[in-house]
Amino acid sequence: MSQILDALSPLDRQAVDKFREYLRIPTVHPDIDYEPCIKFLEQYARDLGIPVKVYRNIPTKPVAVFKWEGKESGLSTIMLNGHMDVVPVYRDKWTYEPFGAEIDDKGYIYGRGAQDMKWISILYLEAIRRLKLDGVVPKRTVYVFFVPDEEYGELGLREFVKTKEFRNLNIGFGLDEGDSSPNDSYIAYYGEKSCWQFTIHCPGQTGHASLILKNTAGEKVRYLVDKFSDFRRTEEKKLEDDSSLKLWDVTSVNLTQLGGGVQPNVVPEELTLTYDVRISPGTNVKDLERKINRWCKEAGDGIWLEYYEKEAQRPITVLENSPYWSALAKVAEKRKINLEKKVCLGATDVRFLREMHIPAIGISPMRFTKPLAHDHDECVNVRAFLEGLQFYYDLLPELANV
Ligand SMILES: [Zn+2]
């Protein structure tokens, strides 16, 4: 056993023990049974002395919400969000048992969900435990959410935000996960790109490949590839011309698949182009869609689009003049931690809050840490874990007293 654990204070030890207990519950896709996790949370609530309510609007997808009650019940509340589910593992690639929460002699705790994102959920609750022990009563009520199916599926927070039970919680601001940072800063995500993936079907006149036929699929493809490539180049040039712009300030366009044809001497009946487009938050998606439809029309007859992913415009959280952002920045400054403002290239549950016009930030208070979400041997060092705990201990009263 690790000497590192023996050296911890009783409160730190308790936090680490809770984290390891949570890691051992295999809330892993597919077909997750959330009930053992809910049992763990109900016991946890009794232990903390705060209530937890389990919403079962979708019986197999429970949402557990802890309530740390504020003094002023009329005010909007703070939501701390965490997903219970984790992605599958390649067991043979792990040095440690993925649901064993083993600790090595350098203090690394291993387990699926260690970074994504079971550690954060435990930090929320353990910060509240300490604040309660210190007699702190927040002004605004703070809710800690444990939600299902963030990694996979449609029935997690996406559905819960649409319920009247959610509306009744009167959330005014939300925190969710971000990414761990390999350098000395914390990353604060205030927006996300929207993802579109689609195949363009280009039908055309088929026939013998020795002829020069009209209305061929190949000519349509050529027109479209030019249009998309020109657009891609325009976005790329924006980055080259202005060094202050980041990848999320522009829209990425990539041709990811080409399909069609039967054999070399037959002009194909259809060719297909598949694109992946990640739209910057500043882009008007309706304009983009009109542009794509126009190109398809111009390219020739019969072209049609098949969408696999077509996300709506994603609102960003405006940080200027936000008292919640100021609270976050104040705590980071106090703790001498640099905050890096970014737009997330992927997607987390935080987007469902922004879609409900609730300002929200995605942050994982973990630095000097190799990001290992979804990777083999996912782990967190005890020191990083306890630093994160200190961060929430300082942050929660600031947010709740806005
Ligand atoms: Zn996650």
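The backbone N, Cα and C atoms fix where each Cβ goes, glycine too.
Where the annotation comes from TrEMBL, it is an automatic prediction and has not been curated.
Taken from TrEMBL, the feature active site applies to Asp85. If you take the C-beta of Asp85 (active site) and look for same-chain residues 6 or more apart in sequence within under 8 angstroms, you find Thr27, Val28, His29, Ile32, Pro148, Asp149, Glu150, Glu151, Tyr152, Gly156.
According to TrEMBL, the feature active site, proton acceptor maps to Glu150. In the three-state DSSP assignment, the secondary structure recorded for Glu150 (active site, proton acceptor) is coil. Around Glu150 (active site, proton acceptor), a 10 Å sphere centred on its CB holds 25 further CB atoms from the protein chains shown.
The annotation Zn(2+) 1 binding site is assigned in TrEMBL to His83, Asp116, Glu177. DSSP assigns Asp116 (Zn(2+) 1 binding site) to a helix. Within 10 Å of the C-beta atom of Asp116 (Zn(2+) 1 binding site) sit 25 other C-beta atoms, taking all shown protein chains into account.
There are 14 other Cβ atoms within 10 Å of the Cβ belonging to His374 (Zn(2+) 2 binding site). Positions annotated as Zn(2+) 2 binding site by TrEMBL: Asp116, Glu151, His374.
Per TrEMBL, the feature domain 'Peptidase M20 dimerisation' maps to 190-299.
A distance of 14 Å separates the Cα atom of Glu177 (Zn(2+) 1 binding site) from that of His374 (Zn(2+) 2 binding site). Same-chain residues with CB within 8 A of the center of the Asp116, Glu151, His374 CB atoms, the Zn(2+) 2 site residues themselves not counted, are Val86, Val87, Gly113, Met117, Ala373.
DSSP classifies Glu177 (Zn(2+) 1 binding site) as coil under the three-state reduction.
Listed in sequence order, the recorded positions among Asp85, Asp116, His374 whose CB lies under 6 angstroms from an atom of ligand 1 come out as Asp116. Under DSSP, residues within the domain 'Peptidase M20 dimerisation' (190-299) fall into helix, strand and coil as 43 helix, 36 strand, 31 coil. Sequence-distant contacts of His83 (Zn(2+) 1 binding site), defined as residues of its own chain at least six apart whose C-beta falls under 8 angstroms from its C-beta, comprise Met117, Phe146, Val147, Pro148, Asp149, Glu150, Glu151, Gly156, Leu157, Glu177, Asp349.
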